[in-house]
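The feature N-acetylmethionine is assigned by Swiss-Prot to 1. What Swiss-Prot records for 4 is SUMO1 cross-link, and it gives similarity to another entry as the kind of evidence. Residues annotated as repeat 'WD 5' in Swiss-Prot: 195-233. The annotation repeat 'WD 6' is assigned in Swiss-Prot to 238-278. Look at Swiss-Prot and you will find 284-323 tagged as repeat 'WD 7'. For 483-520, the entry in Swiss-Prot reads repeat 'WD 8'. Residues or ranges marked as repeat 'WD 9' in Swiss-Prot: 521-559. The feature repeat 'TPR 1' is assigned by Swiss-Prot to 593-624. Swiss-Prot lists 672 with the feature omega-N-methylarginine, giving similarity to another entry as the kind of evidence. Here Swiss-Prot flags 947-970 as repeat 'TPR 6'. For 971-1004, the entry in Swiss-Prot reads repeat 'TPR 7'. Among the features that Swiss-Prot reports, repeat 'TPR 8' is placed at 1042-1075. Annotated repeat 'TPR 11' per Swiss-Prot: 1345-1378, in sequence order. The repeat 'TPR 12' annotation in Swiss-Prot covers 1411-1445. Annotation comment: Swiss-Prot describes 1447-1477 as repeat 'TPR 13'.
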C-alpha cells in the first residue's frame, strides 16, 4: 500500500497545538477532529468542514480549560460521538444524521479517574481505559458502566480487532492485555498477552498479528499468542524519533505508525506471512504525529500533528478502470473500493477471511459484483450494497452466473447449481441439475411477508426434462416432486412459494399446489404467462385471449378478454397494473382490476382490515360476493370477529351479523373488565361454536364452566328440546318434568302429533300414541305399534279403524299384514296385490288360493318389468308359462344364455325374429362363431357377413358370402364396405376388402390419396412390379414438393434416381445430405462434383476447410477450372494450393482465347509463364502486331516464327511485297522464293533468288522454263500475255475469252481494261450475236466494280437503251439517264422519274422531292415530324392540300396536349367546314374549356382565338352543305360560349365590369352539357362570392361539392336537383372524367360552405326577377316564353333591349352602356376587340354617341 498526500484539512499553527484525537464514522460520511482547545470539528467525506461543536467540562466551576479530550469515537450508526475527558467523564453527544442538527448530550458516564483512551466497537457498548489502569465498559442503553478488567498501570493505548469483537489495551508498564466479547471460534487466549519493552503508545491489532511501538524506536510484531514475529529497529537511525501513534487498516492488512516528520507503512504479505516495510512517507515540518484515523473503507488516512495540522492521504495498492464505467481502488490485498464513475456511488468489497482478492468482474447489466480469492467467492449487489463471501474452491473459471433474481445469485458449475443470497455469507443450498436456464429455475426469498412465517425460502428446478423438484432452502429438504408426461419448458413459483406454475412443450399451463400436492391443468395453447408482482394474480395468453386468475385458489374461475396481438410484459405502478400487448407496430395497455389484485394480496398477507377497506370500495358483483365470503371465513378462523361481522353485513346475512354483533359486545365487555382480547371467554367461544353449528362443542364449553342453564337455554332457543332434556337428565336438573310437560304441550300446540305420539310411545301409553299417530295421518306407525302388541290386536274396532286409514293412505302392504295377522286372507291378498307385494301375495296364495298362483306370477313379472327389474321377471314369466314375455325380459336384462335357452325351446317362426338381437350381442363380444350360428338360425346371413366384414374377418365373410350371394354382388358389397372403411380411416381393413375381391388398384389409389406411400409401394410391388420404379419416382417428386425430403430421398433412391435426390437436397441447401447421397449412390466422381458445388456455395476459407475435410481440395480446383469457374479456382488455390495457380492461369488463358478475349488471355498466359502460347494465339488469329509485341517482350525465340506466319498471311492476301519483306526480316529468303514459285510469280522468284540465293538461280531458271512449257501461261499476267498473243495472231474469240477470264481483285483498272478490250474486240471483229453476249457479260461486271458510265456506253454501242438507263440509275447519274431516255426512247422518261422519286424518298432528300412530287414530299415531312416545313410547303399548294396537312398537324398536337398550338393553326389558316375536321374543332373547344388557369384577364387572347376560329367555321358552314345541320347548331352554341368566355376575360381586366364577368360565369351554367360541370359551378360560385351574391355562391358551391363527390363515386345518381327546379340550368350533364379543381381549392370551398351553413344567415334559394323565376334563366317556367340572352352578360333581356342587325342578337341597354362607358374610361384594347367582334358577328353596332378615338 502507498500513501499519497491529498490535502491539508486543518492548517498547522506556529506553535504547539496538538490534535488530541480523531475519528471516522462507520458510514464513511463524517470525520471528526478534536483540537487542543477541546472543539470538535466535523468534516464530510470529501474533506470539507461542515460543522463543529464545543465539548464541556464535567463541572463548570473548574472552567473550560480544566480538562483535555483523550479519546473520541463514533457510534456504529454514525449519529453519536463519545468524548473521553481527563476530568473523569465520558459524554455521548447526539449529532444527528444531517449537518447542522442540534448537538445534545444523550449519555454521560462519570468515572473515578481520567479517561485516557476510548473505542466504540458495538451498539450500546463503549470501551475505555482509565489512568488508574482499568479498562471499563459503558452501556448507552442502560446508562451504566462496568469494569471489564483492571490493572495497576496507566492505560496508554486501546484498540480493537477488525470485527470489533476483541479489545487490546497497552499500559504504561509495557503490558499488553487482550479481551474478547466473542472470540468468533478462534480459540485465542485472553488476558495478559505480552510485556513490551516500553509503553506501547503506538498499538495496532492487524489481521494476523499485533504491532506495538513506543519511545525505544523499535517496532515489534507479535503473533496471536504474543511471540515475537518481527522486529524493526530504528534506534540507531539519528533521523528517527519515538513512535507516538499507530493505526491498522480496516482490512487489517496494513499498519501505519507515526513519528517525527514521518509515517512508516507496513504491509502484510500473505504469501510470505511477514510484514514488509513500504517506502516511508516523509514530510518536512510535519513534526510529531499525535493522532491517526483510518477511514472505514480503507481509502483515506488522516494524520493529526503536534502543531494542530490535519493531513489527508490517499491509501491504495493500485487502481484500475473497469470498462470505462467503474474505478477499482485496491486499499489492501483483501479489500477494494468499487466506484461508479457516472453516479459516484461506492461499495467496499472485502474478504472477511483476509484472502487476497484476485479478480473482480461487474456483471448482470453492471449491477452485480463477482470476485475470486484463493478460497472464497465474493458476490455483491451494487444497488443495495448487500455483499456475500462464501467458501469456493477454484474450478478453472468455468462458473456461469445468473442474476435474473434480485435477491439471489445462481451459480452453475459442473452440473451443480449453487444459490447465494446477497448479504449472507452462507450459500442457501446446492442442487444437481443439468438445466441452467433462468426459465427452468425459480427461487423465492421472503418476497412477501406472511403471518406466522418469518423466513420463507423456496426453490423449484428441473431434475430432468420431465421432473420438477421443490426444495425448502431453510430446512434443506424436498417438499415436492412433480413428474410430468412431457417436457417442461417454463416454471415459476408464486411469491409466497405455495403455488408452482409450469408449462410444457405442448403449451399446456399447469398449476401445482405444494401443500395439497395437487396438479391442475388451467390453460391450453399458452404463449405467455406471468405472476403479477406483489400478488398471487396470474396473467396468461391463450391464442387471442388474455386470461387472468384473480383468485388462484379457484383456478376454474378465469377472467378472459379478447386481444389482437401478443402479450409482451406486465407493468405495475401508480396504483394500476397493465398488460402490454403488441398489436402490429403499436403497443396497447390492457388494465387489470387492481382491486381484485389488492384483495388477494391483503388476504395472503393476513391483513384483513386492509381487505375489508378495499372491498367496501367495490360494488356488489358475484366476484365481490365471493371475496366477501372468503374474507368472512378467514376472519372467523383468525378470530377477527369485527371483520367477520362486517363481512356478513355486506353479504346480507343479517342473522349472522346480528349474532356476531352480540358476540363482539360480550368480547368487548370482557376485554374492558378483565383485559386481553376477550375472544377466549367461554361465552364467546361457545357462540362461535354455535355459529359453526357445532352445538355439541358449545354444550361442552358451557358444561366445562358448569353453565347448565346457558346450555339448556341454547338448546331451547334452537328448539332442540331432546338435547335440552338430555342435558337436564344428565345434570339432574330439578325442572326436568316441567320441561317434559312443556315440551309435550308445545308439540300439541304446534300440531306435531307424530312427535307427541313418539313421546307417548316412549312413555308406554300405546293407545294415546296410536290416537296421535292416526290424528297425524300416520296409520303405518299406528299399525306397526298394533302389530307389536297382542292386546291392541284384540281391539277389533281399533284394528278396523287402522286398516281403513291404511287403505285410504294406499299403504296396502301394511294393511295386508294387518289383515293376515287377524286371519282375513281374502282381504290380505287383495291388499297385497294392490300394494304390489307379490312375494307375500304368492306365499299367501300357495296356502290359501293355489289356483291364483300362475296369475300372480305373471302379474309379479309385469310389475318387475315396470320396475325395470327384468332379470328378476324372467323366472316369474317362466313360472307363469309366458314364453314371449320371458324372452323379452331376458333380452332386456341382457341374460343372453337364458334367452338362447328359452328360444331353443320355441318353434322356429317364434324364435327367428329374436335370434338376430342375441347375435348382435355375441358379435359385440367378438364371439363370432356363436353370432354366425344365431344369425343363420334367424335367416339373417347378410348380417353375419356384415359382422365379419366389420370385424376384419374377410375370409369368413367371403366364405359365407360366396355361399349365399352372386360374385358380382359380393364385389359390389366389398367395394362399398371398403369405401366406408376408408372414410373411417380404417385403411388396412379397406385394403383387405379390395384385395379380397381382386381390386388391388383401388387399394393403391386409396393409399395414394391418403399419402400412405409405404402401403402404396407395397401393393404396387406386389401387384404391378413393372410400375414400381415409376411409382417411386412420382412419389419422390410429390414428397419433395411437400418438403418431406427424407421420404422423397428414399423413393428417389428406390427408383435409381440418385441425381434427383442430390438436386433436391441442393435446392434446399442441405449439402451434407446431397454429399452423402452422391457418395453412397452416385459412382466414383459424383460426390466430388457435389462437394465442389457445396464448397462453391460457401466460398472463401469455409470452402477450403470443407474441401480439406473431404480430401477433395485439388480435385475441386481442377473441377472448377474444367467448369470455367476460374474465380473460385483462383480463390481456392490462393487460400490453400498456391502451386496450382500457374496451371489455373494457363487454363483460364486457354478459356479466354476460346472466348475471343485475347488481351485478357495474353495476360493470363504470361502469368502462367507460357508467353509462347500467347504468341501462338495471336499468330493463329493473325494479330501479327500483338504476336510480335509479346514475342519481343517475353519470348524472343518466337520472333522469327511470328514474321513467317505474318508473311504467310500476307501471301494469302496476295500482298507479295509485304510477305517478301517479312520473310527477309525473318532471314528466310528461301521461303519467299518457294511462295513466289507456288504463286506463279516467277519474275519475283527469279529476282529474290538472284539477290539472296544466287546459288539456286540457274536451277530456278530451268524450273521456270519447264513450268511455262507445262502450263502455257503465268497467272493474270499470263492470261493477259496469252490474250495479247491470241490478239496478235488474229484469234479474237480466244483473245476475248482470255480477257474475260482476267480476275484480279487487287487491280480493278486492269480488269476494266481487259474487259473493255474484250468488248471492243467482240464489237469490232465478232458476229453481232457473239458481241451481244460479250457485252451482256461485261456490262454487269463493270457495274460490279463501279464503272457504271463505261457499262452504259457499252450498252449504248449496241442500242441496249434500257440496260444503259439502268446502269446510269444504279450509278445515280440521273441526268444522264433522263437525257438518254429523252433522246433515245421517251417511253422510259416516267420509268426514270419513278426511280428518281424512290431514290429521293429513300435518301430523305425531301427538298429535292418537292420539285418532283409535292404530296410525297409532304407525306415524308409528316413521317419525319418536320411539321413546320410540311405546313410551309403545303401553304404554297392549294387550299385542300393545305388543310389536309393542317388537320394532320392539329391532330398530332392535340394528342400531345398542345390544343393551343392546334388552335393557332386554325387562327392562321382558317377553319374550313370539312366534316372530317369537326372532331378536331370539338376537341380543341373541349380541351380549352377544361384547361386550368383560363378564368382571368390574361386568358383573353386564347378565348378570342377560339371565338374567332369558331366564328370563321360557322361562317364557312353557312356556305356549305352542312348549313343548319345539328353540327352547325352545335358549333353556333360553342361560338356563343367562346364569346361569353372571351367577354368575361375582357371584363375581368376592368374593376367596374366585375358584375358583368360574374353574370357571364353564371350564364355559362346553362351550357354545362358542353362544359365541365364542376369547373363551371366552381367559377360561377367564386364569381358570385367575389361580388357579394352569397346566396348564389352558396348554392353553386353546394352543387360543385356534390359534383366532386359524384366524380369520386363515378355516378351522378345521388345529385339533388331541387335547387335548380324551374331554371334552364340542365340536370343531365356529362360526368367529368376527372376533378378540374385542385384539392386545396376544393377544401377551401368545403370550409366556406360549412361556415355559412353553421351561421344559418343565408336562404338556400336563387334570386328571382319580375317574372318570378330565377333571374339568369332565359325560360319563364310559368309561361314557357324564352327571352333573348344579352350579348354582354348572357342574362335574359326583359326590357330596354338593343337589337342588332343579325336576328336573335340583342343586348340589355344598361349592360351595353356600362360596357361602352368602361371602354371609354379605360381604353381597354381587349374590350374594344370584343366590340369589334360583336360588330363583325352581329352585322354592325347600333348607333351610339360614344367614340374611342
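Residue numbers in this text run from 1 along the chain shown.
Each residue, glycine too, has its Cβ placed from N, Cα and C.
Around residue 4 (SUMO1 cross-link), the same-chain residues six or more apart in sequence whose CB sits under 8 Å from its CB are 313, 314, 315, 316, listed in sequence order.
Taking all protein chains in view, 9 other C-beta atoms sit within 10 angstroms of the C-beta of residue 672 (omega-N-methylarginine). Note: the Cα of residue 1 (N-acetylmethionine) and the Cα of residue 672 (omega-N-methylarginine) are spaced 69 Å from each other.
Summarising model confidence by region, the repeat 'WD 6' (238-278) averages a pLDDT of 92. The listed stretches are 195-233, 483-520, 521-559, 1447-1477; of these, 521-559 has the most Cβ pairs under 8 Å to the repeat 'TPR 1' (593-624). Away from its own ends, the repeat 'WD 5' (195-233) comes close to residues 156-162, 166, 168, 170-176, 186, 188-189, 240-249, 251-255, 257-259, 264, 266, 268, 273-275, 277, 334, 354 of its chain (Cβ-Cβ under 8 Å, at least six residues beyond either end). Summarising the environment of residue 1 (N-acetylmethionine), the number of other Cβ atoms within 10 Å of its Cβ, over all protein chains shown, is 23.
Under DSSP, the residue listed as 'N-acetylmethionine' is assigned to coil, being neither helix nor strand in the three-state scheme. Below 8 angstroms of C-beta separation, residues 1013, 1017, 1028-1030, 1032-1033, 1035-1036, 1081-1082, 1086-1087, 1090-1091, 1093-1094, 1097, 1110 of the same chain, each at least six residues beyond the ends of the repeat 'TPR 8' (1042-1075), sit close to that stretch. Residues of the same chain lying 6 or more positions beyond the ends of the repeat 'WD 8' (483-520) and with a Cβ under 8 Å from any Cβ of it are 439-444, 447-448, 450, 456-458, 460, 462, 465-468, 470, 526-527, 529-531, 533-536, 538, 540, 552, 555, 604. DSSP states for the repeat 'TPR 7' (971-1004), grouped as helix (H, G, I), strand (E, B) and coil, give 28 helix, 0 strand, 6 coil.
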